Ligand code: 2AM
């Protein structure tokens with residue numbers, strides 16, 4: 001049975017992507033090396049699901065459909081670098097409780113469908129470059145206000161180059 005690599009995410013609108021571009025470029029300039037994430041692929045992962053078969057995919061969708069709506073006000077106002085994962089990112093200086101609530105809700109519903117939570121504590125971020133081994137001091141970010149209207153399920157296909165992403169499900173947040 002074929003399996004698909006899937007993850008839940010907040011997917012920026014075109015306007016937010018436009019606003020993210022100069023910020024991402026400025027942050028990217030601080031990196032000594034690594035690979036830039038293209039503008040159309042910028043996102044915030046809510047939960048990485050890994051490879052799911054068709055039944056698991058359906059169960060994940062069912063869980064998502066049970067997530068309560070809420071309004072989330074994100075202020076993307078800081079950049080960061082995680083040397084261990086070699087990731088350069090943009091995120092929130094203060095992560096809103098509503099975002100953590102959404103992720104907690106999603107995880108609870110996924111738990112009810114048999115998906116166990118593994119891995120590190122959740123730290124929401126937009127990855128702007130990968131494979132960065134060193135970087136200079138990061139510039140300040142001109143804050144970007146983002147109120148996502150929905151969250152999505154994304155299919156990721158790995159290839160020789162960048163992974164390709166396809167939105168395969170969408171649920172309202174507010
Ligand atoms: P990242 O941007 O910090 O690399 C698709 O791979 C998305 O899922 C990416 O945004 C990635 O985060 C995130 N993700 C979280 N856990 C992952 C894992 N174990 N393997 C691959 N991607 C993961």
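Note that Cβ sites are derived from N, Cα and C of the backbone, with glycine treated the same way.
TrEMBL lists 43 with the feature active site, proton donor. Cβ contacts within 10 Å of residue 43 (active site, proton donor), excluding its own Cβ and spanning all protein chains shown: 20. According to its DSSP assignment, residue 43 (active site, proton donor) is coil.
Taken residue by residue with DSSP, residue 125 (active site, proton acceptor) is part of neither helix nor strand, so it is coil. On its own chain, residue 125 (active site, proton acceptor) has 44, 80, 87, 89, 90, 91 as residues at least 6 apart in sequence with a Cβ closer than 8 Å to its own Cβ. Residues or ranges marked as active site, proton acceptor in TrEMBL: 125.
A mean pLDDT of 98 is what the model gives for the motif 'HXTX 1' (43-46). According to TrEMBL, the motif 'HXTX 1' annotation covers 43-46.
Taking Cβ pairs closer than 8 Å, the motif 'HXTX 2' (125-128) reaches residues 12, 20, 24, 27-28, 36-37, 42-44, 76, 79-80, 87-91 in its own chain, all 6 or more past its ends. What TrEMBL records for 125-128 is motif 'HXTX 2'.
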